[in-house]
Amino acid sequence: MDGTIKEALSVVSDDQSLFDSAYGASSHLSKADMTASANPDYGQPHKINPIPPQQDWINQPMRVNIKREYEHMNGSRESPVDCSINKCSKLIGGSEGNAMTYTYMDEKNGPPPPNMTTNERRVIVPADPALWSQDHVRQWLEWAIKEYGLVEIDCSLFQNIDGKELCKMSKEDFLRSTSIYNTEVLLSHLNYLRDSSSSLGYNTQAHTDQSSRLTAKEDPSYEAVRRSGWGNSMSSPVTKSPPMGGTQNVNKSGDQQRSQPDPYQILGPTSSRLANPGSGQIQLWQFLLELLSDSSNASCITWEGTNGEFKMTDPDEVARRWGERKSKPNMNYDKLSRALRYYYDKSIMTKVHGKRYAYKFDFHGIAQALQPHPTDTSMYKYPSEFSYMPSYHSHQQKVNFVPSHPSSMPVTSSGFFGATSPYWNSPSANIYPNPNVPRHPNTHVQSHLGGFY
C-alpha cells in the first residue's frame, strides 16, 4: 500500500515539472530521492524524469537573471542589447549639427566574447573629415584599429596631421606608414565619410577654426561674401572677383557705381537727335547737347547722372568752342552763361543750385519747345477769302454796312464831287470794273456806290 502511494506521488511530481516553469533545479534533487526510494521495478530515475526538456524551459529565465545582475552591478538601467559590439553605430546629431559617433570597446584583458557587453567608448567627430583636428584624426585611427582589427599601424606618424592634410594624403603616403591592407581599409572608410558629408550638403564654412573666423570677421565685407556664396576658400576672408552670375559686390561704393547705368548710353541717342538743328542755325543748348553726346568731350563737359544734369568741367573750353562755331573769337564763359539764362524762362534748362558750372536739361520743356505751334492763318489771308469781306477796300463798305438801319444813305445822282469828272465815263462806273469780284447781296452793298466816285 505504501509503495503504491509513493509511486503515484512520483508520477504526479514528474508530470508537474513538465508544465510548471517555476520549478527550479533545487526541486529535482528531492524528486530524485523520492523516486529512488520507490520500487526498483520502474527502472532508472533519469529515464522517468524529462531532464532535457527542463533545461530548455529554464534557459530563458536564467538569461534574464544575468541581465539584471549586470545592471545591478553597474548601477545602470540600460539594457545591454542597446550597446553594439561587433559593428560601430554611426549617429548624426549631438551637440553639433553634423557629427559622427563611433563606438568601440576598450580592450583591457583581451577581447571579450561576442555575446557579452563591455564598457564602450564613443568618439564624436565632425561629419566632414576635412574639418577634423589632430585629435579627431587620432581618435578615428584608434577607432579603425579596434573596429577592423588593424595591426602594424604606427599612430605616432599621424600626430601632426589634421583633417585637411589627411584628405590630401594619397595611397602612397598611407603605404609609408602601414601595410597595403590597412591602407585600403582606411582609405575606403575615409572616402565613404567624405561622400556622406557631401551628400548631406555639409557646409564647410560653418566649421572653420577660430583663428580664421576672427581674421575673416574683422573685414566688414566678409558677411557679404559668405552670404552670396562667393567664398571659395575657408581661410580667405575676401574673394578677389565674384563669379559671373553674382548679384552682389564686395565693395559698396563699387556696387553703387555698377548699379548706375552709363549716362552716355542712355542720353547719347537723345542728345544726338536733339542737337541736330536741321537746315537752320544751331542754338546754344543744341551745341551743348552735341558736346554731351560724345564721351570724348568729357574733359570739358560731362553728364552727371541720367536725369539730364551736366557739368562744365572746363567752362572756358566750352565757351571757346562755341565762339569758334559762331565765329565769335571774343566769346567767354561770362557771355555764355548770360546766354544760358535765356533758356531758364523757356524751360529748356535750369541752373543747379549749390553746384558750380552745373546745369540740368529739361527734356520735357525741350519737347514742348520743339513742337510746331499752330499759326493763325487769318493773318496771312487776303480779305477776299473771307465770306464777310466783299472787297479789298473794306472801309468803304463799312460806311454803308449798318445792319440796324436798313435804309441807305440818301445821295444825289451827282455824288459827293459835284459835277461829273471827266475821268469817269458814266455815273455807274466804279473802281472794280471786273464783274468777277465777289459781291454781297444788295441789302449790304447798295448799287449807288458808283455815285460816290
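Glycine is treated like the rest: Cβ placed from N, Cα and C.
Since this is a predicted model, take the numbers as computed values, not measurements.
Confidence in the domain 'PNT' (111-197), given as mean pLDDT, stands at 79. Annotation comment: Swiss-Prot describes 111-197 as domain 'PNT', evidence class sequence analysis.
Marked as compositional bias 'Polar residues' by Swiss-Prot: 201-214 (among others).
What Swiss-Prot records for 201-273 is region 'Disordered'.
Annotation comment: Swiss-Prot describes 215-226 as compositional bias 'Basic and acidic residues'.
What Swiss-Prot records for 230-239 (among others) is compositional bias 'Polar residues'.
Sequence annotations record features per position, and here Swiss-Prot assigns compositional bias 'Polar residues' to 246-273 (among others).
Secondary structure counts, DSSP: the DNA-binding region (282-362) has 38 helix, 12 strand, 31 coil. Per Swiss-Prot, the feature DNA-binding region maps to 282-362; the stated evidence is sequence analysis.
Residue counts for the domain 'PNT' (111-197) by DSSP state, with H, G and I taken as helix and E and B as strand, are 51 helix, 7 strand, 29 coil.
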